[in-house]
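Colleague: Right, I'll just put the structure down here and ask away after.
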Amino acid sequence: MRLETTDALNRLRDESQRLIEVRAQARIEPWEQQMGSIPEDSGAEKAESIPECSGVEKTESIPGGVGVEDTESVPQNAGEKNKEEVEDQDKDKDKDKDREEPAPEGAGGAAPEERAKREMTVLVCGGTGCQASDSEEIIARMRKELAARQMQDRVRVVKTGCFGFCEKGPIMEIHPDDVFYIEVSPDDVPAIVEEHLIQGRYLERLLYVNPVNGERLERNLPFYHRQLRIALRHCGLIAPEDVKEYIALGGYQALAKALFQMKPSEVIAEIRASGLRGRGGGGFSTGLKWELMSRAEGGQRYIICNADEGDPGAFMDRSILEGDPNSVLEGMALAGYAVGATHGFIYIRAEYPLAVHRLQTAIRQATGYGLLGERILGSDFCFGIEIKYGAGAFVCGEETALIHSIEGGRGEPSVKPPYPAQEGLWGKPTCVNNVETLANVPIIIERGADWYAEIGTEKSKGTKVFALAGKVNNVGLVEVPMGTTLREIIFDIGGGVKKGKRFKAAQTGGPSGGCIPAQCLDTPIDYESLLGIGSMMGSGGLIVLDEDDCMVNVAKFYLEFTVDESCGRCTACRVGTKRLHEILSRITEGKGELEDLDRLTELGGIIKDASLCGLGQSAPNPVLSTLKYFRDEYVAHIVERHCPAGVCEALARYTITEKCIGCTVCAKNCPVSCIAGSPKKQHVIDQERCIRCGTCQAKCPVDAIVRK
Amino acid sequence: MSQSEPGQMTQQAEIPDGGVNRQFALLDEFVASLPYKKENLIAILHRAQEIFGSLPEEVQMHIAYLLDIPAAKVYGVVSFYSFFTMKARGRHVVNVCTGTACFVRGAAKIQLEVEKQLGIKTGETTEDGLFTLESLRCVGACGLAPVLVIDGKVYGKVEVGQVKEILGEYREK
């Protein structure tokens with residue numbers, strides 16, 4: 001069925017309401033609810049000084065940063081609608097109260113016969129992470145159990161995209177109760193059906209336990225408190241494989257608005273005014289990019305969505321594509337309308353089969369409804385989207401390399417200028433935008449630039465999605481307003497460092513970024529501040545490192561990556577990264593000398609200056625930033641021949657702790673007989689003679705030997 | 001448009017009546033279905049690897065012939081992208097994720113253990129042709145780090161002690 005007019009789109013939206021009705025009561029406008037929940041003091045906290053963190057321009061750049069508390073920040077034109085929503089929310093709150101009285105029996109207040117009639121929706125996360133933990137099986141079991149009880153008509157099971165709280169997956173959310181279950185296994189399904197769906201009793205054991213007070217929470221998890229989900233607005237809320245759910249929540253309304261009420265130049269002006277910047281890492285103004293494109297000569301032009309998320313440890317683009325593919329398609333169509341392109345490509349990694357599948361489905365459905373393709377919504381605008389696959393090359397995230405890859409060649413970058421906006425794909429003007437950037441576009445057009453520009457810092461507007469991973473309690477996807485501090489992200493949202501260990505550094509920006517030490521935790525994050533402290537936003541990977549991580553080894557890890565991924569075109573990058581890696585290897589093997597540190601700095605500078613593309617220009621960052629903040633660790637490796645974190649095999653020290661029972665097993669097994677001590681007394685290792693083979697540690701029956 | 005879908009690429013496509021000619025016929029059919037050819041070289045290589053399991057010289061030559069481009073160009077592309085391989089893979093492809101999240105949560109130990117269990121280094125195939133061991137950078141399941149992927153199935157929060165058992169499942173298959 002093709003939608004020939006905006007009215008037809010509106011009718012479909014209204015008809016589709018029934019799909020999301022049950023969820024709507026709890027979470028229909030998630031970002032507004034969340035905007036209301038950001039504590040007022042968060043801005044003030046940040047304005048404190050940043051201790052000894054060189055190169056940062058303090059916090060002037062975040063006036064009003066996250067202070068977008070109340071509904072005033074919503075633009076006037078949405079005012080009326082908003083009032084209703086607020087009332088609705090209030091109603092919901094009352095409902096919540098009613099429900100919660102006889103806790104934990106959420107819906108227990110309702111009479112049994114009423115309970116048996118309730119329409120319910122069960123959302124199950126179908127992201128890559130949760131699917132790896134059997135969420136597909138959970139869905140299948142759920143459907144089977146429901147069918148066996150003839151409940152399939154009143155309980156809808158919906159496979160959604162990523163909820164973001166990957167640490168605790170698989171995630172399940174039940175509506176209208178708005179109950180959030182974590183770590184659900186297929187074997188829990190019968191109990192969920194029996195207890196919750198039939199009896200209305202929540203399953204205590206599947207609720208999240210607040211680590212602060214041990215309280216079990218049905219909703220409002222601290223993980224989501226400081227988040228503001230705009231790019232992720234539909235992830236974990238709608239079924240990504242049903243465009244009608246997206247339409248029911250106002251999807252493609254922005255496109256309709258642009259097509260019938262705005263000139264292309266007005267769309268560009270709106271995006272420019274919003275302050276949206278490229279989320280792929282560079283941070284170039286999206287509106288300006290579009291403007292340059294619209295001025296380019298030549299008829300045919302292209303939009304490319306860069307979904308080649310190569311930064312290892314970043315998975316926000318994948319999650320958006322898996323959880324809300326239509327928002328990206330709509331963003332692309334809007335970009336196409338703005339710059340006068342009729343054709344778009346999505347360049348996606350072959351490692352993301354699920355995202356590819358969801359995209360194909362979304363393109364098929366959207367085209368079927370006439371929301372893509374010829375004469376969209378009956379207008380004169382035509383826009384088609386084609387998927388192109390990457391084949392495992394990190395450098396293809398660079399726009400000129402990406403273009404060459406789409407053309408079917410080797411993904412080597414080329415000199416800019418000419419910029420793609422002048423001469424891109426097949427020599428035509430081309431606009432390359434990142435997935436997250438595009439996902440922000442429809443909501444900006446829908447709500448207006450002013451609304452968006454209220455969020456964030458002076459120069460970096462809006463929100464940024466971070467993939468929080470590594471040694472942090474709550475691994476997952478986190479979307480926060482620009483200007484939020486690392487401390488808030490890692491400790492308030494992320495729940496702090498795993499196993500109570502000491503925080504050492506946060507790595508942002510992947511192989512192009514740097515390591516940020518503890519003294520910079522209070523830096524408000526935006527494009528400029530991260531550059532100021534020797535790192536970069538990158539695509540938003542955020543890896544937490546603790547006391548057990550060796551910073552030299554981390555730098556070596558990233559260099560190994562760039563050595564692998566350097567396309568080989570520029571000598572500085574091809575040979576330079578290899579030399580950097582060799583020096584780092586030498587240091588971790590205990591063969592370094594102090595002069596090596598100067599060599600690293602000098603060579604790093606040369607590679608930055610002499611490389612053509614972003615890969616080479618940023619490749620030395622992991623080395624330079626660790627050298628800057630963790631020089632003492634390098635020195636310990638070289639001078640003391642000691643790896644303080646105990647990671648580097650050749651420099652590790654084995655010591656026997658007081659746990660030793662004096663069983664003599666270690667001494668008997670030591671191949672160089674360097675362990676001394678009498679029976680039943682604590683033994684000692686002679687560090688001079690120890691060859692660090694680790695035999696003693698392996699043989700010790702009481703784990704009394706540690707490597708540090 | 002019918003394009004090859006990556007994902008199952010590590011396994012050979014089901015070929016009912018077998019035979020090399022049939023494989024080439026499948027490839028020809030795919031190429032013929034494309035609206036434009038040369039620009040689709042990467043998609044064609046994806047499909048070819050799906051059909052043949054790898055991209056040996058004769059397959060590359062054939063593609064060069066079909067698209068009327070130099071074989072050197074095809075080879076240049078094949079050798080550039082890590083996804084393409086010229087060596088035949090084993091029946092099961094084992095991948096240890098070496099992305100950053102997995103790295104800081106001990107992927108190196110898992111990789112060593114897999115190498116020990118299979119008796120091969122990363123990038124090699126066991127003599128019986130059962131396993132090929134590769135490493136990949138991030139499947140995006142960082143919440144489950146460290147991650148092991150076998151034939152597309154993701155094993156999360158893997159411990160060294162589990163590796164033998166996991167591989168064992170595939171030895172029997």
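Cβ coordinates are placed from backbone N, Cα and C, and glycine is handled just like the others.
Okay, these came from TrEMBL:
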{"type": "BINDING", "residues": "B:Cys97, B:Cys102, B:Cys138, B:Cys142", "note": "[2Fe-2S] cluster binding site"}
Colleague: If I restrict to non-local contacts, at least six residues apart, and a C-beta distance under 8 angstroms, what lies near B:Cys97 ([2Fe-2S] cluster binding site) in its own chain?
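Modeller: Listed in sequence order: B:Ala107, B:Ser135, B:Leu136, B:Arg137, B:Cys138, B:Val139, B:Ala141, B:Ala145, B:Pro146, B:Val147, B:Leu148, B:Val149.
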Colleague: B:Cys138, B:Cys142: which of these binding-site residues has the highest Cβ count within 10 Å of its own Cβ?
Modeller: B:Cys142
Colleague: Tell me, by DSSP, whether B:Cys142 ([2Fe-2S] cluster binding site) is helix, strand or coil?
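Modeller: Where B:Cys142 ([2Fe-2S] cluster binding site) sits, the three-state DSSP reduction gives helix.
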Colleague: Below 8 Å Cβ to Cβ and six or more residues apart, same chain only. Which residues does that give for B:Cys102 ([2Fe-2S] cluster binding site)?
Modeller: B:Val96, B:Cys138, B:Cys142, B:Ala145, B:Pro146, B:Val147
Colleague: DSSP on B:Cys102 ([2Fe-2S] cluster binding site), three-state: which is it?
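Modeller: It is helical.
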Colleague: Under a three-state reduction of DSSP output, how is B:Cys97 ([2Fe-2S] cluster binding site) classified: helix, strand, or coil?
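Modeller: In the DSSP reduction, B:Cys97 ([2Fe-2S] cluster binding site) maps to strand.
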